[in-house]
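Q: Below you will find the structure I want to go over with you.
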Amino acid sequence: MRAALAPGVRLLRALPRDSRYRGLTLVLTFLSYTSYHLSRKPISIVKSQLHPNCSALGPNPHNDSNSSTWCSWAPFDGDNYKELFGALDNAFLVAYAIGMFISGIFGERLPLRYYLSGGMVLSGLFTALFGLGYFWDIHVLWYFIVVQVCNGLVQTTGWPAVVACVGNWFGKGKRGLIMGIWNSHTSVGNILGSLIAGAWVSSAWGLSFVVPGIIITTVGIICFFFLVEYPEDVDCSPPLHHVSVTTSEKDPEAVTSNEGPLSLSGQSSVDHSHSPKEPAEEPEAISFLGALRIPGVVEFSLCLLFAKLVSYTFLYWLPLYIVNVAHFGAKEAGDLSTLFDVGGILGGIFAGLISDYTGGRATTCCVMLVVAAPMLFLYNHVGQNGIGTSIAMLIICGALVNGPYALITTAVSADLGTHESLKGNAKALSTVTAIIDGTGSVGAALGPLLAGLISPTGWNNVFYMLIAADVLACLLLARVVVKEARGWCGYMARKRGY
């Protein structure tokens, strides 16, 4: 007797065709960028093992004269180890920032599936090569620097590709909430990366890199076989990136959204994009300068520069800060640092939900950045007073720091990449995303570098730097916030019949 159809298959068959493929796109892109961040996180966990507190391990069994660093991994066994760690971070992040500006241009001109899958396989290779330095007993700085530079370049394939894929499938309606939930891949990747790296950090730290390298390569191969770039490729309906006039009259929220920073005027229009797969009607990819002229791109890019500076400083230095200040072991510090990313998940969802409801992407970012500054100050001064306090402060700071960062790199990038001024040109999303995230990556490179230079003078000064960056990020959005406020005032005046 033949068994009944599996419940999961029956559920899939009950869903509309478009929903099935949208769900598949969300899942695959989520897993893709989760694996990207999973492969970036191990370096922050392994730092404390490359230069540990050797005196806590007992006497030097080798009886060398350099008794204080006998258990450290050369070349990170000198007094300048923090500067060398900063150089490792900077090698990756500077290469990432430079490559990102180029990556978006290639992403618009190459098949996204090939571009994403190839980048993931190469990222897995270079991540594993860093860990193989342990098994090959490599102690020269240039090897680790070169691997970090190569990894930074190939990892730029990820973000423009996944945002472009999601933007191709989802319209503006509830994009903030959908992409806020979807963007939790960043924090999920950081958490998994911390846990995986922590499992081997004290025994064989090379596996902390080799295992994530295998994971990202495997996910890249899966994406190559299953990812669908455009709805038209599988006879699905393309989304509407703008709201029609009749919809605006019925939905006040839609009017507010269209009168925010992402519109050229108070009027809205329907995106009548033709299929990008029709050669006769396919528009040319937008130029770099053309993307910069889209209203809001420059402001959000510069804001992200400082917001990402703060986020990536925590990403790369938080475990070491916990080890030095709270005196936890390397594994415990890595596990505790994941709470910052738990807060990041909550912050990204909250920011997307609020910005969808109010239509104020910039205002949502500014409010969270303003509140984040005093929270960072409090975490530095009272965050280590007890495990309960530390847990609460890490979650709160993670939500406030990563919320604006998540909103800008997802919903805002997708909004600007499908802006009304493009008149239906679907060939701008990857370029706009790359410009915004590339500018943010400059801050991501500066943050860990400055932390490495400033931390010898005291952790207080590092936090003052982070607070100043948060304030600057907020100020750079002032013009866009004013524009949003005027849009709200205009809407309220029309609603009251003025």
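Any Cβ shown, glycine's included, is placed from N, Cα and C.
Given the structure is predicted, the values throughout are model-derived calculations rather than measurements.
Grabbed the feature section from TrEMBL, which reads as follows:
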COMPBIAS  255-270  compositional bias 'Polar residues'
COMPBIAS  271-280  compositional bias 'Basic and acidic residues'
DOMAIN    25-486  domain 'Major facilitator superfamily (MFS) profile'
REGION    247-280  region 'Disordered'
TRANSMEM  21-38  transmembrane segment
TRANSMEM  84-107  transmembrane segment
TRANSMEM  114-136  transmembrane segment
TRANSMEM  142-170  transmembrane segment
TRANSMEM  182-201  transmembrane segment
TRANSMEM  207-228  transmembrane segment
TRANSMEM  297-318  transmembrane segment
TRANSMEM  338-355  transmembrane segment
TRANSMEM  362-379  transmembrane segment
TRANSMEM  391-416  transmembrane segment
TRANSMEM  428-450  transmembrane segment
TRANSMEM  462-482  transmembrane segment
Q: Test the contact criterion for the transmembrane segment (362-379) and the transmembrane segment (428-450): 3 or more CB pairs under 8 Å, pairs 6 or more apart in sequence, then answer yes or no.
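A: These two stretches do not touch.
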Q: At a threshold of under 8 Å on Cβ distances, which of 21-38, 297-318, 391-416, 428-450, 462-482 pairs most often with the transmembrane segment (84-107)?
A: 428-450
Q: For the transmembrane segment (462-482), could you work out the same-chain residues 6 or more beyond its ends whose Cβ comes under 8 Å from its Cβ atoms?
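A: For the transmembrane segment (462-482), the list is 261, 296, 299-300, 302-307, 309-310, 313, 317, 321, 360, 362-363, 365-366, 369-370, 372-373, 376-377, 379-380, 401, 404, 443, 447, 450-451, 454-455.
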Q: Counting only residues 6+ away from its ends, which parts of the chain sit with a Cβ under 8 Å from the transmembrane segment (114-136)?
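A: The answer is 32, 35-36, 39, 42-43, 73, 106-107, 143-144, 147-148, 150-151, 154-158, 161-162, 165, 204-210, 212-221, 223-224, 227.
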Q: So what's the mean pLDDT when you look at the domain 'Major facilitator superfamily (MFS) profile' (25-486)?
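A: Mean pLDDT across the domain 'Major facilitator superfamily (MFS) profile' (25-486) comes out at 80.
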